[in-house]
Structures are given as structure tokens and as C-alpha cells.
Amino acid sequence: MKLTYSQKRYIQKHYPQETVEGIAKTIHTPIDIIQKHISDNQILFKKPKEQTEPIKKINLIEHIPYLVLLAMFIILVYANGFGAEFVSDDVYAILRNEAALKSQNYLFIAPTFILRSLQYLIAYKIGGFTPFLFRIWNIVFHVGFVWMTYLIVPFFSKKKFLPFFVASFAAIHPMMIESVIWISGGIYAQSGFSLLLSFYLYLKFKVNKSKKYFIFSLISYVCALSASEKVIIFPFIIGLYELTFGSLKNTWKPVSAFFGISFVWGLILITRISERLVYLRTEHGAPTKFTVENPFFLIPSAIGTYLKLFIWPRHLTLYQSEFQFVLIQFLFLLLITVAFFAGIAISYRKNKSIFFWLCFFIITLFPTLNPFGLSWLVAERYSYLGSVGLYFAFSAVLYKLIENKKYQTIGYIIFSILLLAFSVRTIVRNIDWQNEDKLWVATAKASPSDPKTHNNLGDMYARQGNLQKAAESFARAIELSPRYPDAYHNLGNVLRQAGHPEEAEKMYLKAIELKPGLWQSYQNIAAMNFERKDYKKAEELILKAIEVYPTNPDLYVNLGVVYTNMGDQKRAIQTFKTALQFDPQNETALRAMSELTK
């Protein structure tokens, strides 16, 4: 009786974890045939020592110098970005959101993100709008992320310095900048740290069989989800680990607990898909019709771009938008992607640890590799967590040079040069994040075909008083995305400043057509009608703005001014009182009330 291919694969995968008797019962084969197969193919059943021995208890004291050195690396390469200003989403989520920060219900405005809201609230209470106090959370989480990387690596390799190599790249690689220096990007550092902590605790649970580690692992996973929904794929990582190094058959109960959490969280996310689509259409001018991207283009483009950024992060940008490739460029990305997957296949037989970490990188990208246009195709922050897989695989290969006495010096030189080069690139990139002007100029160089880039450039030129360049930038944004409401609104502002009220009003009306909730456009058209002394029309438009944003005190102040000029003192007083209910210190409302009640 000969063994079938599937029977041979089963024996190779389950022996010696399962007894010969148990295997024989499962595959319905005589014991002597299985024993002969094992005897004739002993090399197949000799697993590398580092993959079969359980990890010994780590003496943290002897690792403290390495952990301190890693923290110093982070401080040194990110120091010139600590004082950067609020940029991009920071402005709207923090700087222009003071009313929400003062609200007693602030922590519960977005219940699933309560931990991030708490961080913002603490920073605001301590120092108001001091950017560093908001950014320090990112730094702390990044240090924690790097330390967890260092502590997890020994579960996959007994190489003495490999944890330091992997963690060093995680500490300083330029792909990590967006999640560290950009305050709003800090959710990826927070979720990355929490997820690695959960994974570390799960590995401790596997070694020590202590339920407390398992419980804390689940809690840490929920904390990771509260920072970013993109870590919802974690159960697949746990499952992959068990398939690669353990036995999913014997561990399905703890693994299913993680899947249960993801299932519940997934149900919550499903309710937000329509909201996300509306946001993309109204805020970014996405197509109104539901579209599905070609995965045969999407996957090589995304993975190939990430791998290019890993090898040398030349084109770092907030908006990775340059995906209009000529054939040779796409074929190059396709070749890189195919080579990467070939590496995964080879590593499955050669080195299971490298196999696991390369798969880890891919799995973490699943939520953003969707063909439905719900996220960016590529964003540096999306690869924050998964990049650890690339750092591990590369470091493991590099370490083979260091283990060889003949090439040991070369190995250390390569490591040192890469560490220095990546550090310099990170320091230089930090400069782009100093303020919005520097960020948008840098983004325009790397992402010239993205409409948001030109919209932001227009805003920069408008602040500098260069109305012609501002108008050109907003017009370019509209050309690239004809359904981009903010660009129309901003072009209206420039035309109004330049003394073209009729053209400005057309732009505002188009912005409202595309985004009915754009109260600023209602307010600006109202202001132009007020200047024409058409108070009735101004009242009508401000009331529409209030309908959209009923808690904005400035809108009530403006309405009060309109009523004052209409001679309706009673309604003016009532409106100013409403404004003061939302903002008791509003100087314009207080002054108007004082004048009207004399």
C-alpha cells in the first residue's frame, strides 16, 4: 500500500506533534507504513531548532540597554518634528474643534474611538492647542511599538542580535513618519502598539498556558480596534501563526475568541459603509456611481509601491496618487510583486519564520486592498504595522552574512549604512511636516495629479495673498475632480476677494449643489447679499446655514446683525442670546446686546 500525496503532507505537517498511532487513525493507514515513511524521509521531520523549542523566559534586565538605545534612536530621528504645527486633518479635528473639546460629551461623540478622544482631551486640558502635547502620544506609542517588536522577535528566532536589528528598522524607517509626526496619523501608531502587545501576550499565553495572558491579549486587541478598524484582520494573523507553528485543531477555541471580536466589530463597521461612501463623494469628489477597481491592477500597483518605499522611500507623500503607469512601469511593479510572492512560497519550506512575517505584511494590508475605493490605494500609514514583516524578513537574511565569519564585517557595514541612510531620510522628511505650507509644497512635487494637493496649495497661496496662483490651483483641483465641492467653495472665496462677486456666487452655489451641508458657502452668499443690502435674502441663507450647523454661535451673531439692520430689535436680541448660549464669551454678541439693551 502506497501513501497518497495528501497523506504524506498530513504526516509531514503533524508529526511529531501527533503520535504515529493518532496519525494512522486519522488518515486510515497502517502504522508500519507510516513508520517506514518517517524512517525513509527523516530529513523532512527535522525542524530547525529555533522553530521547535519554546522560548526561554526573557531576562528583561539584560535587554534594558537595547530598549533604551532604541528609544534614543526614535528621539534623535524625530526630534526636529516634535514642534511641528497642526496640519491637514489636525486643523479640523483639533484646532477648529474647540467647541467639541469643551463639551462635556466630547469623549462620547465617537464612542468606538474613546481612547483617542481621551488623549486629545488630556492634551487640551494641560496646554490648550500646543501641538507637541497632542503629538507626544504618537511618540509614546511608537516607542512602545518598537519595544514590542523587539520582544516578539525572540519567539521566532534565537539569533542574539536579530531583535535589535528588526526593531532598529522599525524605529527609524521613513515609512513610519506619517504615523509618528502627523498627529492625526497617530491612530496607526496606537493601534500598531496595541496589536503587537496583544500578539505578544498571546505568545506568552502559548508558552506559559496562563489564562491571564489570554484575557489581557483580548483586551489589548479591543484597544487596538478602538484606534483603527484596519486591525480587524488580527484573527487571521493568529490563525496563520497556529497553522505555521502550532495546530489550529488544538487551539481553535482561543482563536475563535478573536474572530468573535472581529465579527462584532465588523457588524458595527458595515453600518458605516454608506456613510463612508457619502463622505468620499461630498468631501473628495468621488464618483457618484459605485465602482469596482480591477484587482489585477490594484494589487501589483499597491504591493509593488510599498516594496519600493521599503527599499528606498524616495517619494514620500501624504497623498499617494501617481498610479497612471506606462506599460514598462506597471510590468516592473508586477515583477516585484511576483518576486515577493515567490519569496513567500520559497520561505514556507526554507524558513517558516520568514514565511510568517512576509504573510503578516500582506494580511495587514487586506482592509485597504479592497477594490471598492473605500480607502487610498497606497498610504504610508497603512503599512505602519505590516512593515514589521518586511523588517524581520530583511534582517533575517542580512543576519546570515553576520553569522558567516568571512562576511561578518560586510554585514555590519550594510546594517550601519542602512541605519544611517534611513535616519537621514526621516530627518529630512520631518521638515516637510513643520507646517502646512511646507507640507503642501512637498506633496505637490510628489503627487501632482491629486486634486486635494492643488486645493491645499490654493489655500496656501490665498493665505500668502497671491490670489492669482490660488485661483489657478483651485481651478486645477476642479479640473482633476469636477465634483470636488471644497475646491469650488475656495475658488469662490478667491473670486470674491478679487472683486468678482457674481462669479464667486456661482462657485458657492455649485459647491452647495455638490455638498448641501457646506454651511460656509451659505454664509458667504449671505454676506454678499448683506453687502448689497438685500437683508431678506441674507436672512434666508443664514437660516439655511444654521439648519446645517445649529450649534455655531457665529452664525447666530451674523443673523443678529442682519435683524439689527432690518430694524427688528426683538429678534436681534433673541438671536444674540442664542449665540451666547453656545459661546458665553462671544465679544460681538456681548457688545451687540449691550447696545440693543441700553
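Cβ atoms are placed via backbone N, Cα and C, with glycine included.
Among residues of the same chain six or more beyond the transmembrane segment (66-86), those with a C-beta under 8 A of the stretch's C-beta atoms are 94-95, 129, 131-132, 134-135, 139, 142-143, 146-147, 150, 163-164, 167-168, 171-172, 177, 180-181, 183, 423, 426-427, 430-431, 433-436. Residues annotated as transmembrane segment in TrEMBL: 66-86 (among others).
The transmembrane segment annotation in TrEMBL covers 106-124 (among others).
Within the same chain, residues 50-51, 55, 58, 63, 66-67, 70-71, 74-75, 78, 82, 119, 123, 162-164, 166-167, 170-171, 176, 179-183, 185-186, 189-190, 192-193, 196-197, 199-200, 203, 353, 356-357, 388, 391-392 sit at least 6 positions outside the transmembrane segment (136-156) and bring their C-beta atoms closer than 8 Å to a C-beta of that stretch. Residues or ranges marked as transmembrane segment in TrEMBL: 136-156 (among others).
Sequence annotations record features per position, and here TrEMBL assigns transmembrane segment to 176-201 (among others).
Feature annotation from TrEMBL assigns transmembrane segment to 213-237 (among others).
Per TrEMBL, transmembrane segment is recorded for 257-274 (among others).
Beyond the transmembrane segment (295-313), the same-chain residues lying 6 or more positions past its ends with a Cβ under 8 Å from any Cβ of the stretch are 173-175, 320, 323, 325, 330, 332-334, 336-337, 340, 362, 365, 368-369, 371, 377-378, 380, 383, 387, 390, 422, 425, 429. Per TrEMBL, transmembrane segment is recorded for 295-313 (among others).
Annotation comment: TrEMBL describes 325-348 (among others) as transmembrane segment.
Feature annotation from TrEMBL assigns transmembrane segment to 355-378 (among others).
The transmembrane segment annotation in TrEMBL covers 384-402 (among others).
Away from its own ends, the transmembrane segment (409-428) comes close to residues 73, 76-78, 80, 165, 168-169, 172-174, 176-177, 313, 398-399, 401-402 of its chain (Cβ-Cβ under 8 Å, at least six residues beyond either end). The transmembrane segment feature in TrEMBL is assigned to 409-428 (among others).
Assigned with DSSP, the residues of the repeat 'TPR' (451-484) fall into helix, strand and coil as follows: 28 helix, 0 strand, 6 coil. Sequence annotations record features per position, and here TrEMBL assigns repeat 'TPR' to 451-484 (among others).
Away from its own ends, the repeat 'TPR' (485-518) comes close to residues 282-283, 285, 451, 454-455, 458-459, 462, 467, 470-471, 474-475, 477-478, 524-525, 528, 548 of its chain (Cβ-Cβ under 8 Å, at least six residues beyond either end). Annotation comment: TrEMBL describes 485-518 (among others) as repeat 'TPR'.
In the repeat 'TPR' (519-552), the DSSP tally of helix, strand and coil residues is 27 helix, 0 strand, 7 coil. What TrEMBL lists as repeat 'TPR' is 519-552 (among others).
Look at TrEMBL and you will find 553-586 (among others) tagged as repeat 'TPR'. Across the residues of the repeat 'TPR' (553-586), the predicted structure has a mean pLDDT of 92.
Using a cut-off of 8 Å between Cβ atoms, the transmembrane segment (355-378) and the transmembrane segment (176-201) share fewer than three residue pairs, counting only pairs 6 or more apart in sequence. Long-range contacts of the transmembrane segment (176-201) within its own chain (CB-CB distance under 8 A, at least 6 residues past either end) are made by residues 78, 81, 84, 86-90, 93-94, 113, 115-116, 131, 134-135, 137-139, 141-142, 144-145, 148-149, 151-152, 170, 213-214, 216-218, 220-221, 223-225, 227-228, 230-231, 234, 237-238, 316, 318, 379-382, 384-385, 387-388, 426, 429-430, 433.
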